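What follows is a short report on a single structure.
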Amino acid sequence: MVTSTGLLLLLGLLGQLWAGAAADSEAVVCEGTACYTAHWGKLSAAEAQHRCNENGGNLATVKSEEEARHVQEALAQLLKTKAPSETKIGKFWIGLQREKGKCTYHDLPMKGFSWVGGGEDTTYSNWYKASKSSCISKRCVSLILDLSLKPHPSHLPKWHESPCGTPDAPGNSIEGFLCKFNFKGMCSPLALGGPGQLTYTTPFQATTSSLKAVPFASVANVVCGDEAESKTNYYLCKETTAGVFHWGSSGPLCVSPKFGCSFNNGGCQQDCFEGGDGSFRCGCRPGFRLLDDLVTCASRNPCSSNPCTGGGMCHSVPLSENYTCHCPRGYQLDSSQVHCVDIDECEDSPCDQECINTPGGFHCECWVGYQSSGSKEEACEDVDECTAAYSPCAQGCTNTDGSFYCSCKEGYIMSGEDSTQCEDIDECLGNPCDTLCINTDGSFRCGCPAGFELAPNGVSCTRGSMFSELPARPPQKEDKGDGKESTVPLTEMPGSLNGSKDVSNRAQTTDLSIQSDSSTASVPLEIEVSSEASDVWLDLGTYLPTTSGHSQPTHEDSVPAHSDSDTDGQKLLLFYILGTVVAISLLLALALGLLIYLKRKAKKEEIKEKKAQNAADSYSWIPERAESRAPENQYSPTPGTDC
C-alpha cells in the first residue's frame, strides 16, 4: 500500500511539472472517449502533428457536427487565455490532409482528403470554399475563425485548405493547432463534499481543474480543508472491470459535518440526503440507480448512456439491463459489437473500372478517356474525342480505346506542346527545284525566270515558246539583180539553257543583230552573273558572214525577218556589251602593265644593292699608328705586273 501510494504521489508530482509549461498555452475538453486540446503556436502542419504525436495523439479530427462542437469549445477556452494582438482571422491546423499525387474528388464530402490518424471517411464536411483541383503538391486543412468574435454553436469553424507550410513559413494567419487523444474509457469527475482543491493531470500532460470526463490513467490531486489543515490525496483513474472505470474511492471527498449537503450538494450528482447526526448520503431520481462510487447516478435504461457509437442505434432488451446495437445501411458492427464501421463495398469489385468507397456506400468512376455507359453507373464506354464538335486536333484525329492521337497531312509536321497542331514544312529548304522554288501550304512548286518554262518533270526549266520563234540571226536579203530581194533562211537558236539552280541574278537571253556593209550576223547572247562569283560568262551563237550580203544557213529551217526596231535594240545592247568587254580589257591591261612595272623596279633595286655591297666590302677604317711601312692593300698592283 505504501508503494502504491508513493507511486501515485510520484506520478502526480511529475505530471504537475510536465504540465506547468503548457498550462497557460492550451485548453482541454474531454467528451465520450476522447480529449481535445487547443494550442497557440505558429507551426507548420508537420510540426503541429509532431507536437501532438509526442504526447500520444494526432491532429484533431472533425468527423461530425458533435465533434465540431467539442473542438469549438476547446478553441473558446483557448481564446480566453490570450488573443494575438491586431489579428482578426486565425487558422488552426487539424488532421485533414491530402498527399502529393492524390487528386481532388469534387463529388465527395472529403474531396479526396483523409485523416492523419486513420479511420473511415464520414459524410460530414464544412468547407470554407471549393477545394482546388491540384494533384502536384501536398495540401493541409485548418479551421478558420474570426478571433474578434466569440465562438457560437450556430457558427462552427470552417475548413480551409492550403499548403502545409514549412518551419520558416508556416502559412498565412496560422495561429495554432488542435490535438485529439483517444482513450479506452473515462472516469466521472471527483466530487468534493466540502472545502478543498482538485487538480487533474492527464496522460497527455495537461493540467486542469474542471473536466466533464477524466481520461483513463489520469491522476487527481485533492487537497481538503483550510490551508492550515490541508491534506493532499492522490487518486488514479483505472479500469475496475471490463468497460468500467473508477477512481477507487467511495463517497464524496473532503466531507465536513459542518456543511453537510449545503456545500456543493454534498458532492452528490442528483440528490443529497442529510442524517440527524450531521451525516448525509447521495441518492438518485426514479429511473436511475446509484453507482459504486456512491455519488454518481446511472439510468436504469441501458441505452440512456448512448453506448452505441459510429452511428449505431441502441435497442434495450425488455426486462433486463442488456441492449443491442444496430448499424445503418452500409455499416456493420466491429468486434466490440457497439461500434459501427463502414463496409468496403469495393472489395467485391462492383465497378467496371474504378471503385471509390464512401461512408455507407460507394460509387464508380471511369478512367480518363471513358465515360459512364447510359443509366449503368458501373459500366464505362470509350469517349470519342475525335467527334467533329470536340476534336482537339488541327487536321487528322484517330480515336483509340481511352485516348486518341493526331496526325497531319502530307507536307505538314506535328507541332505544339500537346502535339495537336500542324505546321507547314518548307520544302524549299532542301532545294528541290533547279531554279525557283515557291513554298505553299502543305506543298511547294517550282518556277522559272522569264522566257523559260517548266519541264515535264516539274523541276527543271527549258527555253520557252518565245525562244523557239526567234531566229538565231535576222533574215538576210539577197539581191538577184532584178531589183527584188528574197529572204534567206537563218540558223536556229541553240537548244537548252546551261543548268543553274541559282537563277535569281540571271539576265534574260536577247538576240542581238550586227549589221555591216557586207553582211548582217545575228548573235544570240546569254549573260549570267553568278551571286557567288564576279566573273561574267557569255554563251554566244556565232554565225559566219557571207561575202555578198548573203548569209549561209546552218540549218534547213527558215524564220521570218526581224523588224527594224528589233535590230536597233539589238545593236544598242551589243554596244553596251562590247563597251563592257573593252573596259574590262583595259583594266586587265592596266593591271598587267602595273605588275610589269613593279617587277622591273624591284629588279633594278636588287642590282643596285648588290653593287653597293661589293664596293663596301673592299674598304675598312684603319686607326693611325706609327709603322715602318704602309699596310697591304689587296687592290695595290703587284710588283712586276700591271695589276
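The backbone N, Cα and C atoms fix where each Cβ goes, and this holds for glycine too.
What Swiss-Prot annotates here:
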COMPBIAS  475-485  compositional bias 'Basic and acidic residues'
DISULFID  Cys284-Cys297  disulfide bond
DISULFID  Cys303-Cys314  disulfide bond
DISULFID  Cys327-Cys340  disulfide bond
DISULFID  Cys346-Cys355  disulfide bond
DISULFID  Cys351-Cys364  disulfide bond
DISULFID  Cys366-Cys380  disulfide bond
DISULFID  Cys386-Cys397  disulfide bond
DISULFID  Cys393-Cys406  disulfide bond
DISULFID  Cys408-Cys422  disulfide bond
DISULFID  Cys428-Cys437  disulfide bond
DISULFID  Cys433-Cys446  disulfide bond
DISULFID  Cys448-Cys461  disulfide bond
DOMAIN    299-341  domain 'EGF-like 2'
DOMAIN    342-381  domain 'EGF-like 3'
DOMAIN    424-462  domain 'EGF-like 5'
MOD_RES   Ser618  phosphoserine
MOD_RES   Tyr619  phosphotyrosine
MOD_RES   Tyr635  phosphotyrosine
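Feature map: annotations from Swiss-Prot on the structure.
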{"residue": "Cys314", "record": "disulfide bond", "Cβ within 10 Å": "18"}
{"residue": "Cys327", "record": "disulfide bond", "Cβ within 10 Å": "20"}
{"residue": "Cys340", "record": "disulfide bond", "Cβ within 10 Å": "22"}
{"residue": "Cys380", "record": "disulfide bond", "Cβ within 10 Å": "21"}
{"residue": "Cys386", "record": "disulfide bond", "Cβ within 10 Å": "17"}
{"residue": "Cys393", "record": "disulfide bond", "Cβ within 10 Å": "20"}
{"residue": "Cys397", "record": "disulfide bond", "Cβ within 10 Å": "19"}
{"residue": "Cys408", "record": "disulfide bond", "Cβ within 10 Å": "20"}
{"residue": "Cys446", "record": "disulfide bond", "Cβ within 10 Å": "19"}
{"residue": "Cys448", "record": "disulfide bond", "Cβ within 10 Å": "20"}
I'd like the number of other C-beta atoms within 10 A of the C-beta of Cys351 (disulfide bond), please.
19
Out of the disulfide-bonded residues Cys297, Cys327, Cys380, Cys397, Cys446, give me the one sitting nearest to Cys351 (disulfide bond) by CA distance.
Cys380
Near the domain 'EGF-like 3' (342-381), which same-chain residues lie under 8 Å Cβ to Cβ, leaving out any that are not at least 6 residues past its ends?
105, 107-109, 120-123, 328-332, 401-404
Count of other CB atoms lying within 10 Å of the CB belonging to Cys297 (disulfide bond):
18
Cα-Cα, Cys303 (disulfide bond) versus Cys297 (disulfide bond), nearest Å, comes out at 14
Out of the disulfide-bonded residues Cys284, Cys366, Cys380, Cys397, Cys448, give me the one sitting nearest to Cys408 (disulfide bond) by CA distance.
Cys397
So, three-state DSSP: helix, strand or coil for Cys428 (disulfide bond)?
helix
Out of Cys297, Cys366, Cys422, Cys461, which of these disulfide-bonded residues is nearest Cys446 (disulfide bond) by C-alpha distance?
Cys461
What same-chain residues, at least 6 away in sequence, bring their CB to under 8 Å of the CB of Cys346 (disulfide bond)?
Cys355, Ile356, Asn357, Phe362
Among Cys340, Cys386, Cys393, which are recorded as disulfide-bonded residues, the nearest neighbour of Cys284 (disulfide bond) by Cα:
Cys340
Which disulfide-bonded residues are spatial neighbours of Cys406 (disulfide bond) here, meaning Cα within 10 Å, out of Cys327, Cys340, Cys397, Cys422, Cys428, Cys461?
Cys397, Cys422
Starting from the Cα of Cys461 (disulfide bond), work out which of the disulfide-bonded residues (Cys314, Cys327, Cys422, Cys428, Cys433, Cys437) are within 10 Å.
Cys433
According to DSSP, which kind of secondary structure is Cys346 (disulfide bond) found in, if we only use helix, strand and coil?
helix
Candidate disulfide-bonded residues Cys327, Cys366, Cys380, Cys422, Cys437, pick with smallest Cα gap to Cys397 (disulfide bond):
Cys422
Looking only at C-alpha atoms, tell me how far Cys422 (disulfide bond) is from Cys380 (disulfide bond), rounded to the nearest Å.
32
